[in-house]
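Chemist: Here's a structure for you.
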């Protein structure tokens, strides 16, 4: 029996997927016949790397999703609302299965869509929504389902990792590194979702849902708040890169979700990562996810996190799973058994921080600065004056103490904080 595929969205990823699905021998290798029968995109008549003349054309992706000739609807349009949500909803209501790379859609509406899949006998697959070609979704949903996951963390945005890698290893300034990411096909014309940390936050929310058997309030991602703190990389300078290197670290955008009693904490932030840590070795657009699970301990998943090949292969793997009739719930349990995850502010956690300080005017008084920090309860473990910058790493403190220390320095006119980073150690 042939599995009939309809694809909505024929950009870089969609074209890559068409190439994969039409490559000789693919259907034979998975033990099933797969045929693309229909496609949809914003523009029909444009130059494409892969010809689409052999497929039925649909101006409306909802019509493709509902078409009798579609068994699996593949959504590659993007966006949490609009045509993507409407078409996926239509496909699931029609009892069809869906494969998507849309992390915004799953983070915002995953629970609702999973319920539709369950009620109508379809399936919803989204391996490509998190970490590109790194197979973390299936690992959490299936392989680690019997385990108690304590924490999941990772480098979840290939664009940011590429930019930071260019800055660290090639001395490229931030703005120029973003342009290089765009030229390499890793960043959109408007890279704000990536560089502001929103893309990584959406992916972390999906991982948290899988890791902790629950749902994450999507408003925590879309609205500024102190509970799920999201910080991007746009304020990082080459001075910060040099600071990190001098102290034995590299800067990576890291997302972290952890159990905290009956609650969980979540955060996305540029982070000082020790050079011996596995995350520090991720170059280019690479992604890495670490999972701490009982009784297995720490597991590490790495792979390409951006680009057409990585994402298309992840979508194709979901199609293979559907062709093989791999079952199971959308998340780790049926929707009725998923609880709203109680996310609490993570500022109570004690951790190390790195601060780069500069005098408000004149020369910086290192002794007065360290004394004021100690007065606020922020003790330094290492302190170096390099040019105009005082570079400090702290002993373990909470965010409230850190904030009080920075405020004290400012109100006394001793120093302003140029940048602050949490530290991820071995």
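A Cβ is built for glycine as well, from the same backbone N, Cα and C atoms used for every other residue.
Taken from TrEMBL, the feature NADP(+) binding site applies to 8, 9, 10, 11, 12, 13, 14, 15. Here TrEMBL flags 9-126 as domain 'Aspartate/homoserine dehydrogenase NAD-binding'. Feature annotation from TrEMBL assigns NADPH binding site to 103. For 135-320, the entry in TrEMBL reads domain 'Homoserine dehydrogenase catalytic'. Taken from TrEMBL, the feature L-homoserine binding site covers 188. Annotation comment: TrEMBL describes 203 as active site, proton donor.
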Chemist: State which of the following binding-site residues has the fewest other Cβ atoms within 10 Å around its Cβ: 14, 15.
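Modeler: Each of the binding-site residues 14, 15 was scored by Cβ atoms within 10 Å; lowest is 15.
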Chemist: Can you tell which of the binding-site residues 11, 15, 103 lies nearest to residue 188 (L-homoserine binding site) in space, using Cα positions?
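Modeler: Out of the listed candidates, the nearest Cα belongs to 11.
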Chemist: Taking the Cβ of residue 11 (NADP(+) binding site) as the centre, count every other Cβ atom within 10 Å, in any protein chain shown.
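Modeler: Its Cβ shell of radius 10 Å holds 14 other Cβ atoms.
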Chemist: Treating G and I as helix alongside H, and B as strand alongside E, what does DSSP give for the domain 'Aspartate/homoserine dehydrogenase NAD-binding' (9-126) in helix, strand and coil?
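Modeler: DSSP classes over the domain 'Aspartate/homoserine dehydrogenase NAD-binding' (9-126) add up to 52 helix, 21 strand, 45 coil.
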Chemist: Out of 14, 15, 203, give those recorded positions positioned within 10 angstroms of residue 103 (NADPH binding site), comparing C-alpha atoms, in sequence order.
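Modeler: Of 14, 15, 203, within range: 203.
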Chemist: What other residues of the same chain, not counting 8, 9, 10, 11, 12, 13, 14, 15, have a CB atom within 8 A of the CB centroid of the NADP(+) site?
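Modeler: In sequence order, the nearby non-listed residues are 7, 16, 17, 41, 76.
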Chemist: Can you give me the Cα-Cα distance between residue 14 (NADP(+) binding site) and residue 203 (active site, proton donor) in Å, rounded to a whole number?
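Modeler: The separation of the Cα atoms works out to 20 Å.
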Chemist: If I take the alpha carbons of residue 15 (NADP(+) binding site) and residue 203 (active site, proton donor), what is the distance between them in whole Å?
Modeler: 23
Chemist: Rounded to a whole number, how many Å is the Cα of residue 8 (NADP(+) binding site) away from the Cα of the residue listed as 'active site, proton donor'?
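Modeler: So the Cα of the residue listed as 'active site, proton donor' lies 22 Å away from that of residue 8 (NADP(+) binding site).
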